[in-house]
Amino acid sequence: MAASTASHRPIKGILKNKTSTTSSMVASAEQPRRSVDEELSKKSQKWDEINILATYHPADKGYGLMKIDEPSPPYHSMMGDDEDACRDTETTEAMAPDILAKKLAAAEGLEPKYRIQEQESSGEEDSDLSPEEREKKRQFEMRRKLHYNEGLNIKLARQLISKDLHDDDEDEEMLETADGESMNTEESNQGSTPSDQQQNKLRSS
(Lines of atoms letter the chains of each structure in order from A; the text may use other names.)
(Lines give C-alpha, C1' and ligand atoms only; values in the text may rest on other atoms or scores of the structure.)
Protein backbone atom coordinates (compact mmCIF):
# COMPACT_ATOMS: atom_id res chain seq x y z
CA MET A 1 0.00 0.00 0.00
CA ALA A 2 2.76 2.25 0.58
CA ALA A 3 3.78 1.96 -3.06
CA SER A 4 0.27 2.75 -4.28
CA THR A 5 0.00 5.90 -2.21
CA ALA A 6 3.37 7.08 -3.44
CA SER A 7 2.26 6.72 -7.04
CA HIS A 8 -0.88 8.79 -6.52
CA ARG A 9 1.03 11.79 -5.25
CA PRO A 10 2.76 13.89 -7.81
CA ILE A 11 6.49 14.18 -7.41
CA LYS A 12 7.54 17.64 -6.35
CA GLY A 13 10.66 19.14 -7.80
CA ILE A 14 12.99 21.63 -6.30
CA LEU A 15 11.91 24.43 -8.63
CA LYS A 16 8.69 26.30 -8.12
CA ASN A 17 5.80 25.71 -10.40
CA LYS A 18 4.81 28.43 -12.83
CA THR A 19 1.37 28.60 -11.38
CA SER A 20 2.66 29.15 -7.88
CA THR A 21 5.04 31.95 -8.98
CA THR A 22 2.37 33.89 -10.85
CA SER A 23 0.01 33.74 -7.93
CA SER A 24 2.76 34.92 -5.60
CA MET A 25 3.61 37.79 -7.99
CA VAL A 26 0.02 38.98 -7.99
CA ALA A 27 -0.04 38.78 -4.22
CA SER A 28 3.31 40.57 -3.92
CA ALA A 29 2.14 43.38 -6.24
CA GLU A 30 -0.75 44.06 -3.92
CA GLN A 31 1.43 43.85 -0.83
CA PRO A 32 3.93 46.62 -1.75
CA ARG A 33 1.13 49.11 -2.09
CA ARG A 34 -0.02 48.35 1.41
CA SER A 35 3.36 47.65 2.96
CA VAL A 36 5.28 50.71 1.68
CA ASP A 37 3.91 52.73 4.55
CA GLU A 38 4.54 49.85 6.93
CA GLU A 39 8.16 49.46 5.76
CA LEU A 40 8.83 53.18 6.07
CA SER A 41 7.43 53.20 9.54
CA LYS A 42 9.56 50.17 10.43
CA LYS A 43 12.76 51.72 9.02
CA SER A 44 12.34 55.21 10.44
CA GLN A 45 12.11 56.18 14.06
CA LYS A 46 9.74 58.70 15.44
CA TRP A 47 10.92 60.75 18.38
CA ASP A 48 8.66 62.18 20.96
CA GLU A 49 10.52 65.47 21.32
CA ILE A 50 8.28 66.84 24.02
CA ASN A 51 8.90 63.75 26.14
CA ILE A 52 12.67 64.02 25.57
CA LEU A 53 12.70 67.68 26.59
CA ALA A 54 10.65 66.92 29.67
CA THR A 55 12.96 64.03 30.63
CA TYR A 56 16.41 65.45 29.93
CA HIS A 57 15.81 69.19 30.21
CA PRO A 58 13.23 69.86 32.90
CA ALA A 59 12.38 73.46 33.65
CA ASP A 60 13.44 73.24 37.30
CA LYS A 61 16.86 71.70 36.55
CA GLY A 62 19.75 74.07 37.38
CA TYR A 63 22.57 72.32 35.45
CA GLY A 64 25.02 73.39 38.15
CA LEU A 65 25.44 76.83 36.64
CA MET A 66 26.49 79.60 38.94
CA LYS A 67 26.91 83.32 38.63
CA ILE A 68 30.50 84.49 38.63
CA ASP A 69 31.15 88.00 39.88
CA GLU A 70 34.39 89.05 38.26
CA PRO A 71 35.73 92.58 38.15
CA SER A 72 35.69 94.30 34.82
CA PRO A 73 38.94 94.10 32.85
CA PRO A 74 41.06 97.22 32.47
CA TYR A 75 39.95 97.64 28.87
CA HIS A 76 38.70 101.04 27.84
CA SER A 77 36.32 100.91 24.92
CA MET A 78 35.93 103.87 22.63
CA MET A 79 32.79 105.87 23.29
CA GLY A 80 30.78 108.03 20.90
CA ASP A 81 32.92 111.12 21.50
CA ASP A 82 36.07 109.17 20.78
CA GLU A 83 34.87 108.30 17.27
CA ASP A 84 35.36 111.95 16.35
CA ALA A 85 38.86 111.73 17.76
CA CYS A 86 39.56 108.77 15.47
CA ARG A 87 38.40 110.77 12.49
CA ASP A 88 40.70 113.59 13.57
CA THR A 89 43.67 111.23 13.69
CA GLU A 90 42.94 110.08 10.16
CA THR A 91 43.08 113.65 8.88
CA THR A 92 46.28 114.57 10.75
CA GLU A 93 48.37 113.43 7.82
CA ALA A 94 47.17 116.39 5.76
CA MET A 95 47.28 118.82 8.72
CA ALA A 96 49.97 121.45 8.96
CA PRO A 97 52.56 121.00 11.73
CA ASP A 98 51.83 124.37 13.36
CA ILE A 99 48.11 123.57 13.68
CA LEU A 100 48.96 120.20 15.15
CA ALA A 101 51.33 121.82 17.66
CA LYS A 102 48.58 124.22 18.76
CA LYS A 103 46.13 121.35 19.26
CA LEU A 104 48.68 119.39 21.28
CA ALA A 105 49.43 122.41 23.47
CA ALA A 106 45.70 122.94 24.09
CA ALA A 107 45.12 119.27 24.94
CA GLU A 108 48.19 118.94 27.14
CA GLY A 109 46.48 120.01 30.36
CA LEU A 110 43.32 117.97 29.75
CA GLU A 111 42.77 114.56 31.26
CA PRO A 112 41.90 111.77 28.77
CA LYS A 113 38.19 111.22 28.21
CA TYR A 114 38.22 107.57 29.18
CA ARG A 115 39.57 108.43 32.63
CA ILE A 116 36.88 111.03 33.18
CA GLN A 117 34.18 108.56 32.11
CA GLU A 118 35.72 105.86 34.29
CA GLN A 119 35.62 108.12 37.35
CA GLU A 120 32.00 109.07 36.67
CA SER A 121 30.92 105.46 36.20
CA SER A 122 32.78 104.27 39.30
CA GLY A 123 30.99 106.92 41.35
CA GLU A 124 27.63 105.58 40.22
CA GLU A 125 28.57 101.98 41.04
CA ASP A 126 29.98 102.88 44.46
CA SER A 127 26.72 104.40 45.65
CA ASP A 128 25.17 100.92 45.86
CA LEU A 129 28.04 99.46 47.92
CA SER A 130 28.62 99.52 51.65
CA PRO A 131 31.69 101.41 52.98
CA GLU A 132 33.59 98.15 53.52
CA GLU A 133 32.88 97.00 49.98
CA ARG A 134 33.90 100.40 48.58
CA GLU A 135 37.23 100.20 50.41
CA LYS A 136 37.77 96.63 49.25
CA LYS A 137 36.98 97.61 45.66
CA ARG A 138 39.29 100.64 45.83
CA GLN A 139 42.17 98.48 47.13
CA PHE A 140 41.54 95.89 44.45
CA GLU A 141 41.57 98.48 41.66
CA MET A 142 44.79 99.95 43.05
CA ARG A 143 46.45 96.52 43.08
CA ARG A 144 45.18 95.80 39.57
CA LYS A 145 46.64 99.07 38.28
CA LEU A 146 49.99 98.19 39.82
CA HIS A 147 49.85 94.71 38.31
CA TYR A 148 48.92 95.84 34.81
CA ASN A 149 51.41 98.71 34.72
CA GLU A 150 54.08 96.54 33.12
CA GLY A 151 55.83 99.42 31.34
CA LEU A 152 56.73 101.01 34.64
CA ASN A 153 57.85 97.65 36.02
CA ILE A 154 60.15 97.11 33.04
CA LYS A 155 61.70 100.57 33.47
CA LEU A 156 62.29 99.93 37.17
CA ALA A 157 63.83 96.54 36.43
CA ARG A 158 66.20 98.07 33.87
CA GLN A 159 67.24 100.76 36.35
CA LEU A 160 67.90 98.17 39.05
CA ILE A 161 69.91 95.99 36.68
CA SER A 162 72.01 98.91 35.47
CA LYS A 163 72.56 100.03 39.07
CA ASP A 164 73.69 96.52 40.07
CA LEU A 165 76.05 96.32 37.10
CA HIS A 166 77.45 99.76 37.92
CA ASP A 167 77.97 98.75 41.56
CA ASP A 168 79.71 95.54 40.46
CA ASP A 169 82.02 97.52 38.17
CA GLU A 170 82.89 99.90 41.01
CA ASP A 171 83.59 96.97 43.34
CA GLU A 172 85.92 95.41 40.78
CA GLU A 173 87.74 98.71 40.27
CA MET A 174 88.16 99.16 44.00
CA LEU A 175 89.55 95.64 44.33
CA GLU A 176 91.99 96.26 41.48
CA THR A 177 93.18 99.54 42.99
CA ALA A 178 93.49 97.95 46.42
CA ASP A 179 95.53 95.09 44.97
CA GLY A 180 97.73 97.56 43.10
CA GLU A 181 98.41 99.60 46.23
CA SER A 182 99.25 96.53 48.30
CA MET A 183 101.68 95.37 45.64
CA ASN A 184 103.31 98.81 45.60
CA THR A 185 103.73 98.79 49.37
CA GLU A 186 105.20 95.28 49.26
CA GLU A 187 107.70 96.29 46.59
CA SER A 188 108.72 99.35 48.58
CA ASN A 189 109.00 97.26 51.75
CA GLN A 190 111.37 94.83 50.07
CA GLY A 191 113.86 97.57 49.26
CA SER A 192 113.66 99.30 52.65
CA THR A 193 115.00 98.55 56.09
CA PRO A 194 112.93 97.04 58.92
CA SER A 195 112.61 100.42 60.60
CA ASP A 196 111.14 101.91 57.40
CA GLN A 197 108.62 99.04 57.25
CA GLN A 198 107.47 99.81 60.79
CA GLN A 199 107.00 103.47 59.91
CA ASN A 200 104.97 102.56 56.80
CA LYS A 201 102.74 100.32 58.90
CA LEU A 202 102.19 103.10 61.38
CA ARG A 203 101.31 105.54 58.59
CA SER A 204 98.89 103.15 56.90
CA SER A 205 97.04 102.50 60.17
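Using the three backbone atoms N, Cα and C, a Cβ is placed for every residue, glycine included.
Checking Swiss-Prot for region 'Required for binding PPP1CC' across the ranges 12-17, 66-71, 90-95 points to 12-17. The candidates are S127, S188, S195; Swiss-Prot tags S127 with the feature phosphoserine. For the annotation phosphoserine, the record in Swiss-Prot points to S121 among the listed residues S41, S121. In Swiss-Prot, the entry for phosphoserine among S122, S192 corresponds to S122. Here the Cβ of S130 (phosphoserine) has 8 other Cβ atoms within 10 Å, regardless of which shown protein chain they belong to. DSSP assigns S130 (phosphoserine) to coil in the three-state reduction, placing it in neither a helix nor a strand.
Counting residues per DSSP class in helix, strand and coil order gives 13 helix, 0 strand, 0 coil for the compositional bias 'Acidic residues' (167-179).
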